[in-house]
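A short worksheet on the structure shown next.
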Amino acid sequence: MRIAKILLPVSKLFPLDYLITEDLELNIGDLVVVHFRNKELTGIVWELDTNSEAKKIKTIEAKAPLNLSITLEVLELIKWMSSYYMSELGSIAKLVLPINISEKPIKIKEQQVKNHFVLPKLSEEQKQAVTILNESNKPTLIKGVTGSGKTEIYFHIIADYLIKGRQVLIMLPEIALGKQIINRFIDRFGFEPIIWNSSVTKAQKKMILRGILSNKVKVVIGTRSSLFLPFHNLGLIVIDEEHDDSYKQDDNILYNARDTAIVRGKFDKAKIVLCSATPSLETIYNIKTHKYQLVTLANRYKNVDLPNIEIIDMTKEKLPKNSYLSKILIDAIKGNLENKKQALLFLNRRGYAPLMLCKACGHRFTCKFCSAWMVLHKATKKLECHHCGYQSKIFSSCPECLEDETLTICGPGIERIAEEAMLLFPKSKIAVISKDHAKTPEKIAQLLHQMENLEIDILIGTQIITKGYHFPNLTLVGVIDADLGSNNAELRASERTFQLLHQVGGRAGRGDSKGVVYLQSYYPDNIIFSYVKVGDEDRFFTNELEIRKAANMPPFSKTASLILSGFSESKILDIARKIVQIAPKANVKILGPARSLMSKLAGKYRYRILIIADKKFNLQKYLKFWLGFIKIPSYCQIKIDIDPKTFY
């Protein structure tokens, strides 16, 4: 009796035994059609055997259409993911095969790659970068100031791999960033890359997967999930904006796509290129320890000047009530508009106001399901929780003390800034971009097109606008609240603030005119601002690494979080304490249990246990051994977060 263990793309499932018929020849990695729970699914041949402990064994129906298969390298990646991130094989297989490709034959469109590409002439600095990248056998970071032409450099590397007939993956933190890159790609290479993100339809996914498996798809531009596409001939992985937190998935399987891409590159023997003007501290550490190679671009493309950085001391500004733009910034915007230039106002806070409260009794409007304030959205006339999506009406009186006319709103969101800008600049064309105002890639592309065509004078946006966009006529950036996030107790608060300010400032002055960036702050002496002002990221990285080393925190150590959640706070805390009490003795430091920064989410109370260990310590083996001593009750959900990026 011939048996195959079939890995199905079903969450929390391990490989299952199926019988191989006499006329069927199979190899490990082949895709086959099997029945599972009254459904016909496509699975991966995981192992071949002659014995099975199962009493009733179903038979493999057939090979998948076109005799498609998964490479041994992708199988190795699945195994590594399961081991490193302590996740079930079936959950990871679902990332590789997110759709049943055996359903209905579908036409596969082949990308027509020509060997003649229209690539712009590079500067001497860029040519040297391309040479280093071609010769490097390590993951290589292109670290360049904003507007230095990092994209054009990796386009030259892509051209080499396309000529060799290899497949290429370009990873972006958000596909919203992709529209400008896609257009530039088409201009340079003469064909359209395949796009892979959450908005791709089921039918499109099926077509793309078959195209990749049959080597008819050559170039994919996608978000973090594109990393798991089953390429057969992958030669190059580009990780653009490698520092971005969007590469970390914080639900289902908790994994870092940037780090996993590095591992995939090793399995596939693919070149890895990372890009960022503000690299992550982990990447800087890997360069200093010679695991990665560094390519530096000190100058903007065509030697365009970097913007001036001006810090506005808001303690000295006398603002009218409910106003948030300083006189200095207002005057600068007026001058900018007179010169027919565009401006960007940045505030990383959605909605109209982050808090509504009662002046009589102090009642704050918080989410009934989360430990978070309800955000006022004036356009929809709703209070909304940005964590679970719960909405409520805007009250006319306090629901706690029942007093009338005592409710007030505190602080600005971008809708409030837009309202102020419209009053100050009534003749200007003003647009707002955030997850609320641009919910689809198409809407984002429309706003970007309007900016490029000078149909917008002032763009007001959240973090979504900081990610690598190029607007030649944008010469002024105003950061409304530069303090936001920097006083956070999070490990990476300083790093994120520096990256965010540097990135948003980098949108200014990328054309022929010099740019200027205004940072409004109530703490102008914050050392982060001095690093941003002089553009001294190297000194910032050195200082931050010294702080991390003194605290024995990543990248100088390994960390993992155990996140426990459930509807009864006392029961969850009790389980968390028991877990800590039974921890085996080892060379690790255990902190907690403590309430998560987001102590209640979607109705569930949340506690964290943080484990810190030496870099060489096998943390996964220790956690598996430790958690084997306790049975987690059904009322408690536990997640293991290896290399956590946040502690919310």
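Any Cβ shown, glycine's included, is placed from N, Cα and C.
Given the ranges 164-167, 240-243, 568-571, the record in Swiss-Prot names 240-243 as motif 'DEAH box'. Within the same chain, residues 141, 150-151, 154, 170-173, 177, 181, 258, 274-276, 278-280, 283, 467-468, 499 sit at least 6 positions outside the motif 'DEAH box' (240-243) and bring their C-beta atoms closer than 8 Å to a C-beta of that stretch. In sequence order, LYS359, ALA360, GLY362, HIS363, PRO399, GLU400, LEU402, GLU403, THR406 are the residues of the same chain, not among CYS358, CYS361, CYS398, CYS401, whose CB sits within 8 A of the CB centroid for the Zn(2+) 1 site.
Between the listed binding-site residues, namely VAL145, CYS358, CYS361, CYS385, the fewest other CB atoms within 10 angstroms of a CB are found at CYS361. A Cβ within 8 Å of the Cβ centre of CYS367, CYS370, CYS385, CYS388, the residues given for Zn(2+) 2, is found for these other residues of the same chain: LYS368, PHE369, ALA372, MET374, HIS386, HIS387, GLY389, TYR390, LEU601, ALA602. Comparing C-alpha positions, LYS150 (ATP binding site) sits nearest to CYS367 among the binding-site residues CYS358, CYS361, CYS367, CYS401. Counting residues per DSSP class in helix, strand and coil order gives 0 helix, 0 strand, 4 coil for the motif 'DEAH box' (240-243). Summed and averaged per residue, pLDDT over the domain 'Helicase C-terminal' (375-548) gives 91.
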